[in-house]
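What follows is a structure written as structure tokens; I'll ask about it next.
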Protein chains: 4
Amino acid sequence: MAKSKFEYVRDFETDDSCLPNCWIVVRLDGRNFHRFSEQHEFKKPNDDRALHLMTKCAQTVMQELEDIAIAYGQSDEYSFVFKKKSRWFKRRASKFMTHVVSQFASSYVFYWKDYFKDQQLLYPPGFDGRIVLYPSNQNLKDYLSWRQADCHINNLYNTVFWMLVQRSGLTPVQAQDRLRGTLAGDKNEILFSEFNINYNNEPLMYRKGTVLIWQKINEVMTKKIKLPEETEEKEVEVTRTRTKVVPLHCDIIGDQFWEEYPEILAEDSCYL
Amino acid sequence: MAKSKFEYVRDFETDDSCLPNCWIVVRLDGRNFHRFSEQHEFKKPNDDRALHLMTKCAQTVMQELEDIAIAYGQSDEYSFVFKKKSRWFKRRASKFMTHVVSQFASSYVFYWKDYFKDQQLLYPPGFDGRIVLYPSNQNLKDYLSWRQADCHINNLYNTVFWMLVQRSGLTPVQAQDRLRGTLAGDKNEILFSEFNINYNNEPLMYRKGTVLIWQKINEVMTKKIKLPEETEEKEVEVTRTRTKVVPLHCDIIGDQFWEEYPEILAEDSCYL
Amino acid sequence: MAKSKFEYVRDFETDDSCLPNCWIVVRLDGRNFHRFSEQHEFKKPNDDRALHLMTKCAQTVMQELEDIAIAYGQSDEYSFVFKKKSRWFKRRASKFMTHVVSQFASSYVFYWKDYFKDQQLLYPPGFDGRIVLYPSNQNLKDYLSWRQADCHINNLYNTVFWMLVQRSGLTPVQAQDRLRGTLAGDKNEILFSEFNINYNNEPLMYRKGTVLIWQKINEVMTKKIKLPEETEEKEVEVTRTRTKVVPLHCDIIGDQFWEEYPEILAEDSCYL
Amino acid sequence: MAKSKFEYVRDFETDDSCLPNCWIVVRLDGRNFHRFSEQHEFKKPNDDRALHLMTKCAQTVMQELEDIAIAYGQSDEYSFVFKKKSRWFKRRASKFMTHVVSQFASSYVFYWKDYFKDQQLLYPPGFDGRIVLYPSNQNLKDYLSWRQADCHINNLYNTVFWMLVQRSGLTPVQAQDRLRGTLAGDKNEILFSEFNINYNNEPLMYRKGTVLIWQKINEVMTKKIKLPEETEEKEVEVTRTRTKVVPLHCDIIGDQFWEEYPEILAEDSCYL
């Protein structure tokens, strides 16, 4: 039962390492989440439990894996951006994709009950992932802008759609017909005139999605210590600095965000 | 906030579809499972709970995804073989890999308590995956033989190693030293002479790993029906045929297995 | 001027080796050969000089490079089939493509005058190439059949088209209009009734294209030798066996060709 | 003989388009040019005829193909840099590689006699090519610096080596032994003290290689015209601006070159 005569099959594996000096984005999407959200009675158009669980999973991914500079999520998708300079697993695309989605998927089930309480998880959900490379910082910013613009467009639509269904009693098909061909201004107008809703006052998390970045946190802790020359313990305050994954719900399309957090795109230890 | 000016970033996605008319294998491995198994007190050298949970997850993968003809697992790894003819997701490699590992990972947490009972799951585990293509049936059989030969070699080693540690009281380093340079025959001899163990009587699941195949099952059910001309319900037996994922613990290196289950490699609706 | 600080740029090269155990086909096409053929006054619909030059170049490619089992050419294209088992240049796709097209292109200019005599070559022509993998013998045979069927369809069309232009005096647009929507039978009928041409009697090279295969050739040579015990030289006949690239103009869609030359697909020293 | 039943073989072609917004470099090398240069009696260490022919071929490639911003050549190699923004042939790697090497190879034979006069070309030479992507301008400049540093190192070595062989009568093996372990300073010293050669006075083309760039040329031509109100033709001078491929033999490692020709890296019509 020698392994050696079969070892040749390893030669069929291909090298899938990513081009150096490019941002590596892994985007994950829920599989059949339309059905999943109905079966688990997600609140429409936005379910806070589901959004917070997604973000918890994304935080776990950022903490467990290496070299993720920023993540952005909305609805049932999350994008993870690995640093240009990352050498994690020799930049092998399959490693990046499978570690992200498997860690996310196991976390989703693991943390489910912390967010959904009595709502039982009926079956283990699936996620798919893809990988895309972006050579320049501008390309990367445009990618993230594309996802945030998508969030805005979908959320505005869904907000009006579900108002029409939930409050005006339209059927989904009627609501769809009503909205066909409307522009953003029209949708804002319907929300305001018919439901007295100013879209701009809707929660930022719904309108902007969630950005996850690393931040240095100063923690002040009280510690009991005994100095050598003293006989009694004494309480002192100790400040400890840690990095933590922090969620933000802000605009990332304009320049302000990137000027405020220049370290995200900084290539301190990059090739160049 | 028009999406269109950012849409160009989609052009950076590459087509990763797999060469047609090849077997597509996705192999999944536990991430840091050495540490994971210690923290969750896996029995050494084989933990039935862990092996059965792996198989439960693999069955879920086969049932939830499409076109998987056969799977093979051992230790903390599982290989899934998609049919040559599969057109699932246009044969895109990223879809195959991420669907397999995410479904497996979420199932691992979901079904954990069914197998580990009181042993709490401490954190969500990760898995990695890779994809390999095999053009011919012989290549595929050799791939599976390679994994089963690997199972045999590792299990024989581990069986002796843990006997030396658990029963003879050697430290891991001493056990390792004792086994350095030994051949299969030597290890069998140690097991027999020192521990009265005939390796060939060890459970098949440990020695051969687990093969998952589809089988037609005839289920006989009792059903109550009322015929039009009668007034009372009547019990009848109904036979229903379903396909089911069945675990086997048998040799797949020799020809016998493939002769017994020719449908696994059959290309009924393939290109050719 | 140390090279070392720049050497990192080598890491940007990617591994493009072809999947093992597949046929590797490189197909080459003339670049802008419509214009090229007009400027060099190619005879329409077929120019023997041009076709023979193409074949001479393809023979050179087969002799200079390694592991080409068979080649097929028609019009301004040629396909080269490398053996499944080839390990030439570690099966790197770029090596296969560039060696084929550069050897072909330099040969085209080098041998031009042998075929075109007084017709001067006006400028150096370009060629493009692509690479495709075929896992099974049937896939490969179907690829070659595809090219030969293409040859037939184009040649039948061109034969009628140029008869209508050259003999009936139609303009190209008129000839095109006349042929729009016609089937093979219609075209055969036009050739026969209007030009007294039986298409099946047209030269095989035009209708079937050119197949290049390796054949063992027995060469009988006269050699002068002097045996040790004799004083005079003596003429003897010596038979030497060499392999040579031989052009055929035959059907390769049916089984007969493959039965006659089984060694082309034979995998004598293949993986399996 | 329907083509359709074979058309499925087209699905086996893969999309090999290059990542957008990256510089695309195709580097070409002579195949077996050691042998080729001996058989065609190239002057050692540098043959002006051969170097000029290489440059003529590279100019032809730049003029015939599209979007090449700069090329750099030395010895029997040439690198061609396609613009980041190029959309030529949908950025398909195979198209870039095969067009470059085939155009180069056919030009090599076509222009041979213009440079080698009575020295007959004995057989058609081969070239290989590879493709590499560089995401940033700095990466690209480092690539070109790598090649020019390589030119310097090789040319210094070859200059001393051939002096030792040609003037001091050493055998190649003796010359090699003499140079083993020597640094650049040692080689300069040998050249100066033994052969009275100041390496820095050696021709720039040998020491720096050849850079090809596009330049606007103002051509002043004399033209005969007849103005409407006049009866006689009159000679006038007309200035016409054309772009031309111009060879330079200068340093491209330092900043000066890039500051002098900023348009080479300019992304006027790029994505961003």
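Every residue, even glycine, has its Cβ placed from backbone N, Cα and C.
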Have a look through C:D11, C:D67, C:D76 and flag the one TrEMBL assigns to the Mg(2+) 1 site that C:D29, C:G30 belong to.
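The candidate from C:D11, C:D67, C:D76 that TrEMBL ties to Mg(2+) 1 along with C:D29, C:G30 is C:D76.
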Inside 8 A of the center formed by the CB atoms of C:D29, C:G30, C:R31, C:N32, C:F33, C:H34, C:S75, C:D76, which other residues of the chain have their CB, for the recorded GTP site?
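Same chain, not in C:D29, C:G30, C:R31, C:N32, C:F33, C:H34, C:S75, C:D76, Cβ within 8 Å: C:F36, C:S37, C:E77, C:F127.
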Sequence gap of 6 or more, C-beta under 8 Å: which same-chain residues meet both conditions with respect to C:S75 (GTP binding site)?
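Non-local contacts for C:S75 (GTP binding site): C:C151, C:N154.
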List every residue in the same chain as C:N32 (GTP binding site), at least 6 positions away in sequence, whose Cβ is under 8 Å from its Cβ.
C:G126
List, in sequence order, the same-chain residues at least six positions removed whose CB sits under 8 Å from that of C:F33 (GTP binding site)?
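The list for C:F33 (GTP binding site) reads C:D76, C:P125, given in order along the sequence.
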Cβ within less than 8 Å of a chain D Cβ is the test here; which of the binding-site residues C:G30, C:R31, C:N32, C:H34, C:S75, C:D76 meet it?
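Sorted by position along the sequence, the hits are C:R31.
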So which one is it: of the binding-site residues C:D29, C:D76, which has the fewest other Cβ atoms within 10 Å?
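Selected from the binding-site residues C:D29, C:D76 on minimum Cβ neighbours within 10 Å: C:D29.
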Below 8 Å Cβ to Cβ and six or more residues apart, same chain only. Which residues does that give for C:G30 (Mg(2+) 1 binding site)?
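Residues satisfying the criterion: C:F36, C:D76, C:E77, C:P125, C:G126, C:F127.
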What does DSSP say about C:D29 (Mg(2+) 2 binding site): helix, strand or coil?
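Its secondary structure by DSSP: strand.
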Taking the residues C:D29, C:G30, C:R31, C:N32, C:F33, C:H34, C:S75, C:D76, which the record names as binding GTP, find the longest CA to CA distance and state it in Å to the nearest whole number.
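Binding-site diameter by Cα atoms for GTP: 13 Å.
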